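Working notes for the structure below.
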Amino acid sequence: MAENLKKLAQSESFLSLQDKVCFWANDYQTNSCDQNLNCCIELIEQVAKVQAQLFAILTATAQEGGHNEGVETIKSRLLPLLQTSFSSLGVGKIIQTEIRPIQDFQLRSKNRQSSLDQEQQQSDGDSFIESQPTQVQDDLTESGKNLEGTKNGSAISLLAAEEEINQLKKQLKSLQAQEDARHKTSENRRAEISRTDRRPSGKRNSERPQDVVSNYEKHLKNLKDEIAVLSAEKSGLQASHRQTRSRSPSPGPRGPRGPRGRRRSRSHSRSHSRSHSRSHSHSNSHSNSRSNSPCTTVAKIRSPSPNRSKMSSVARKAALLSRFSDAYSQARLDAQCLLRRCIDRAETVQRIIYIATVEAFHIAKMAFRHFKIRVRKMLTPSHVGSNDFETAVSDYIVCHLDLYDSQSSVNDVIRAMNVNPKISFPPEVDFCLLTDFIQEICCIAFAMQSLEPPLDIAFGADGEVFNEAKYRRSYDSDFTAPLVFYHVWPALMENDCVIMKGEAVTKRGAFWTTVRPVMRCRSRSLSPICPRSRFGISTVSRSRSPSPIRCTFARY
């Protein structure tokens with residue numbers, strides 16, 4: 001191939017091709033048409049000779065490359081050129097003569113590739129056949145291991161079953177021995193009973209009817225007490241109904257205190273009749289009946305229905321939570337309206353209501369403890385040796401929650417508020433304005449102590465870290481302040497879980513700037529009747545004496 005290439009490089013036709021093209025280009029304008037055509041044909045003939053030599057060199061080069069080399073180059077570059085560039089017959093003959101070796105080379109390469117593929121498939125099949133026995137052997141060993149493990153597991157389970165059978169046999173023997181001993185003891189008891197039956201048993205026969213009669217008498221006494229309570233309730237309701245029907249409306253304009261005084265007179269008559277009937281029916285068990293002062297105001301009196309004990313704890317809890325929520329949303333706002341007529345500062349009003357709520361819970365819990373002690377003393381003689389004594393005490397308390405002396409608790413709360421240094425204000429204002437609110441909170445707190453577990457309010461102190469789990473900030477708070485300035489409403493807790501969130505006011509730096517030395521507060525004497533004007537402002541000056549400084553933290 002190298003010799004042919006050297007001959008082509010030194011051939012006259014290849015060397016004179018460039019010179020002829022240059023001469024033709026220079027003489028093209030002066031030559032005639034025939035002369036130009038002759039020049040062009042001469043160049044084509046010379047180029048054809050060069051191409052024939054190049055194809056010979058191409059064939060030799062492809063043969064030197066072997067079966068696989070140069071195939072892609074010929075396919076991608078030479079074949080498209082041959083299809084588009086040469087259309088004349090003479091050139092076609094030359095191409096056919098030169099292309100045949102290339103086609104033979106392509107055919108040989110295809111045959112070679114197919115033979116290589118067949119050899120590869122055959123080698124793969126031989127390797128699979130060789131690896132199949134080893135795979136079968138591995139499967140056999142694995143199945144043998146599984147069989148051995150199953151055998152060991154079955155042996156272990158068999159041993160466990162045998163051990164369990166032995167234990168059951170031992171238990172059966174012990175039970176048989178116990179049964180034999182029981183039969184022997186029963187036979188001995190029968191023999192003793194038969195011996196004792198021969199003795200006179202008049203005394204024993206006389207004791208049994210006495211026990212039955214005493215039980216019937218206790219049951220009859222309880223029924224009579226319930227009947228007396230219900231009859232007193234009925235008579236009180238009938239009397240109040242007759243009074244309301246006999247009372248005619250006045251033609252003139254009524255004063256602002258008319259409806260409130262009328263409601264208080266009705267509640268006073270009802271409470272008086274109920275307390276009188278209960279003191280009559282429970283004279284043996286209750287030594288002190290409820291006091292009925294002229295200023296007694298009962299916010300919500302619940303009838304002592306016998307079905308009260310049957311009410312589930314969940315239903316009572318839901319009702320009390322609803323009452324507590326109503327007290328926050330309605331009764332608290334009413335109390336604020338009353339106090340705002342006398343006090344300008346909203347902070348002082350909210351502090352007064354919060355302290356009243358805390359004191360009411362504290363006093364109600366103390367009253368519940370004393371009430372439970374009295375119930376225990378009363379029920380002890382009739383439940384001696386019984387296992388359900390605590391259940392009986394709880395049922396009695398739930399059934400007789402209306403025996404709670406709420407007015408006495410209201411008086412105690414007002415006394416505690418009078419000596420609290422945080423809410424000292426001018427003497428023209430009296431805490432008797434909050435009697436209805438305090439009485440409602442006391443009744444709610446007293447009833448919450450009868451739940452299982454009881455509900456209580458969370459401890460709160462000014463300056464404590466704000467807890468989002470217990471309180472929500474009021475609308476006028478600084479939402480970036482970390483400390484509580486003062487509390488608006490306490491949080492309701494069940495053990496350590498928050499049932500209802502309270503409300504607190506947070507202000508950054510306000511707690512330290514408003515701290516002032518604690519002054520001695522002036523105690524307020526509490527009279528049964530609170531003289532007030534239209535808005536609860538006292539028109540009669542009352543004597544006040546200095547009292548010692550008390551701890552300002554909330555009591556629980």
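Backbone N, Cα and C atoms are what each Cβ position is placed from, and that goes for glycine too.
Sequence annotations record features per position, and here Swiss-Prot assigns region 'Disordered' to 110-150 (among others). Mapped onto DSSP classes, the region 'Disordered' (110-150) shows 41 helix, 0 strand, 0 coil.
Residues or ranges marked as compositional bias 'Low complexity' by Swiss-Prot: 113-126 (among others).
Beyond the ends of the compositional bias 'Polar residues' (129-138), by six or more residues, the same chain brings no residue to a C-beta distance below 8 angstroms of the stretch. Per Swiss-Prot, compositional bias 'Polar residues' is recorded for 129-138.
Positions annotated as coiled coil by Swiss-Prot: 152-184 (among others).
Swiss-Prot lists 171-214 (among others) with the feature region 'Disordered'.
Marked as coiled coil by Swiss-Prot on the basis of sequence analysis: 210-243 (among others).
Under the heading region 'Disordered', Swiss-Prot lists 234-313 (among others).
Per Swiss-Prot, compositional bias 'Basic residues' is recorded for 257-283.
Per Swiss-Prot, compositional bias 'Low complexity' is recorded for 284-294 (among others).
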Segment confidence, the coiled coil (152-184), expressed as mean pLDDT: 86
Long-range neighbours of the coiled coil (152-184), counting only residues six or more past its ends (CB under 8 A): none
